[in-house]
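Down below is the structure, laid out as structure tokens.
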Amino acid sequence: MPLLFLWFFLTSTSLVSALQTLPCINTTYFIPNSTYDTNRRVILSLLPSNVTSHFGFFNGSIGQAPNRVYAVGMCLPGTEEESCIGCLLSASNTLLETCLTEENALIWIANRTICMIRYSDTSFVGSFELEPHREFLSIHGYKTNETEFNTVWSRLTQRMVQEASSSTDATWSGAKYYTADVAALPDSQTLYAMMQCTPDLSPAECNLCLTESVVNYQSCCLGRQGGSIVRLSCAFRAELYPFGGAFTVMTARPLSQPPPSLIKKDSGKFSTETIAAIVVPIIVVAIIFLVLLVLSRLFARRRKSYQEIDLDQSGITTLHFQQLDFKTIEVATENFAKTNKLGQGGFGEVYKGTLVNGTEVAVKRLSKTSEQGAQEFKNEVVLVAKLQHRNLVKLLGYCLEPEEKILVYEFVPNKSLDYFLFDPTKQGQLDWTKRYNIIGGITRGILYLHQDSRLTIIHRDLKASNILLDADMIPKIADFGMARISGIDQSVANTKRIAGTFGYMPPEYVIHGQFSMKSDVYSFGVLILEIICGKKNRSFYQADTKAENLVTYVWRLWTNGSPLELVDLTISENCQTEEVIRCIHIALLCVQEDPKDRPNLSTIMMMLTNSSLILSVPQPPGFFVPQNKERDSFLSSQFTMGCTSQTKNDVTITNLDPR
């Protein structure tokens, strides 16, 4: 469904009023006082308190389709709670008063601080779109030496884009992609500027969003006393005065003085430094352009052009995707050399390769003897080509020939999670912070598959070896050969062919062949427990633990009041015990025997990101093996450290699903 958003950027009276020039326009509407309208009002009323309690950023949803409302709220980092709440309330009221029947809206507003609210009838977190954008400019002109101003402008904006988009923080907060800065202008004026991206973007996406916004500003607003560029996921504003609280929280730096090259000579001519500053960048850009042009043509000769592959699966009949010939794959992998072999999965081997343009890739060569090879190939191409998320491995192309079926993925340098997690010599590299971030990243990836992507995907084979780690240890879910598309109204499906990894499969799948999104939840629960203990779930069959499996072992520790005995010894002295116990609690809820008792991924995300939410009491897990007269007794109050009962939050477990 196409989305058309309402834009506001209410600042000083010097900016053109968006209220008059940009009425709420949309292709979809709701009926006033309908369920959608009620949900919209409820989630907008909840945003201020949740944004301030979640480091300046919060995203959530409320209701059930087709009346589900998704919303995001964000304030500047360092904003006082009262100012943030006031700004968000003002933004909410503006939306409610102006967008009377529109299902989609976005507002950036400047009051005592700057804040943003966006809501929609479809999920948008994790998606990146450059357009549409809106421009707001001062009605007052500004005249100065253009050459001198442009030099100061370029230095300031380039520095700010780099600073704002270079965050490696895995947490979502309003401070993740943010900067505010000032620069001294030649005419004794001061230029004030701020940039901010929503934290669901990748650093590269934030960089592109802000770079394009600076370019747009140069086209619309240079020569004016100020202006703003706003997009779905970022905003840029520059003025000749401090605004919206942005400069009460900025990193202090002395005002930059005009460089020596800007000092006018008595002769009235440009200095050598000024000429060099203009000419050298032009020459460098020209050389880079020529090199890229030559490389692109060389690469184009060595590969086949984009071709169609007909994959009739669940309504997706035609994909346009890069097809590589087998010779190119052989060269890239050095004829599938053993030294390039990364691993072996259920349907084939994986090799590291380097394409002619220098791109490192992971090449998955499906087994020729696998009866399911052709189907798994079609399935994986169809699904992964439609999925775009930072916590999912990216498919770059494929090779399809009579005797070969090959998938080409992005190369992830740190191999898979099991490579570190289950190796006593390497598991120490995964401290608790990294493990906790990995759990969060996997949660976001599965949530995207289950709820936020255009298709509803059940992975069916979540395990440590299918979680890849990039250079920053950010997890990426891989291996979609067994994944299935779930119908909109289909909660449970059946299969006669039970495939997967024992220990990760839930009881209803092993016994009855039934799978659903709750099957992935069970697998994820087992995976969380493995991440905490640093042991494979199947190792508990041989270990002297008096338990038949991992979930039984954990359940006994839990009921005995000693859950921390599960923790990997390499991290036990430097972990956050409250976080560890909460993760064990969540994992036990994920591995409940009855699928209905397992939380969905949006609820799991809520549990991980909001420590004040009270978790329900787990019952004995699926595949729990009782010992003698063991009974399922449990005191829930023992393991809710730091949790406080809050009426609003009690409701959010079922109604407000952050992602």
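Just so it is clear, glycine is given a Cβ too, placed from its N, Cα and C backbone atoms.
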### Query
According to Swiss-Prot, which residue out of Asn50, Asn357, Asn537 bears the annotation N-linked glycosylation site?
Asn50
### Query
Which one of Asn26, Asn610 shows up in Swiss-Prot with the note N-linked glycosylation site?
Asn26
#### Entry: Annotated residue, N-linked glycosylation site, per Swiss-Prot; candidates Asn145, Asn600
Asn145
### Query
Out of Asn33, Asn50, Asn145, which of the glycosylation sites is least crowded by other Cβ atoms within 10 Å?
Asn33
### Message
Cα-Cα, whole number of Å: Asn145 (N-linked glycosylation site) versus Asn33 (N-linked glycosylation site)?
### Response
56
#### Entry: the domain 'Gnk2-homologous 2' (131-243): DSSP-derived helix, strand, coil residue counts
37 helix, 36 strand, 40 coil
### Message
At a 10 Å cut-off from the C-beta of Asn59 (N-linked glycosylation site), count the other C-beta atoms across all protein chains.
### Response
27
### Message
DSSP on the domain 'Gnk2-homologous 1' (19-124): how many residues come out helix, how many strand, how many coil?
### Response
39 helix, 28 strand, 39 coil
### Query
When the pLDDT values for the domain 'Gnk2-homologous 1' (19-124) are averaged, what is the result?
83
### Message
In whole Å, how far does the CA atom of Asn59 (N-linked glycosylation site) lie from that of Asn50 (N-linked glycosylation site)?
### Response
9
